Amino acid sequence: MTETRMIQTLNYYLSEHPSIVGFRWTDSQSWGNTWVFLFISISSYIILSVFLHLFLLLIFRHRRPLPLGPIPAVHSLSMALISFTIFAGILLSSAAEIRDTRWFWRRYKTTPFQWLLCFPIGTRPSGRVFFWSYIFYLSRFLHTLRTFFTIIRRRKLSFYQLFNHSILIFMSFLWLEFSQSFQVLGIILTTSIYSVVYGYRFWTAVGLPSKCFHFVNHCQIVLLSCNVICHIGVLLLHFLRGGCNGIGAWVLNSVLNGAILFFFLNYYVKLHLEKKRKIGAAKQMLKHKDN
């Protein structure tokens, strides 16, 4: 009985609360929903990152890492919990939306899975799933803190990291602004992967053993591969089912995802080649010692 009541309570606060059901992507209800805010926030993120990087290079000539104490671990744990909450919330909210709109599936001869990939033309950014899409959009700003951790600890400014975080904030905004198709599955996939990734980062940050050096990169490959498959599904449904809502934003989203995939693969290949070079150098040193 207690477990049932706990499940009902969680379901209420994650999918049936009035603030979730009655959500609207408007100026009065949604902080940060203007184009001006979007461009100012992304520009500020890039400028602050570059400034901090140059400032630390001027102040500290050495490149020894500066300690941040438990801050990265706390951030990783917080992001893991936030990602899991969004994952659970949008999963329950999607189930509730499907339950409440069964008449829609019969009338238009569609399936819940097709709705997850392709919103009907005329969909407005309101209701349960868009509430969690909005929370996901806000969480993207918390992800950017990792850039500052990297700059402070390693004195390193990564173009890929700046580009990736900026584009993901921009894409999350497009999802809401244009009620873009695919976003439900996109959020489910991203938050499930990020729950694991940030959980792993917390695990290693507190000093527990790391079993796989490239675990985070492998998770990123899985996420990007799933995104590519889902984008193909959206394209097929758009032409076969008479159109998907927000297809213009989806096209831009696809281009930006392609750019992220290109930069990530470029980074991954360089990392792999660097690893092979180090292994080769180590083997050469061992040969010289044996001789």
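Each residue, glycine too, has its Cβ placed from N, Cα and C.
Marked as transmembrane segment by TrEMBL: 35-60, 72-93, 157-176, 182-200, 221-241, 247-269.
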For the transmembrane segment (247-269) and the transmembrane segment (157-176), decide whether they are in contact, meaning at least 3 CB pairs lie under 8 A, counting pairs 6 or more apart in sequence. yes
Output the single range from 72-93, 157-176, 182-200, 221-241 maximising the number of Cβ pairs under 8 Å to the transmembrane segment (35-60). 157-176
Same-chain residue ranges lying at least 6 outside the transmembrane segment (221-241) that approach it to Cβ under 8 Å: 110, 114, 117-118, 181-182, 185-186, 189-190, 193, 247, 250, 254, 257, 260-261, 264, 268
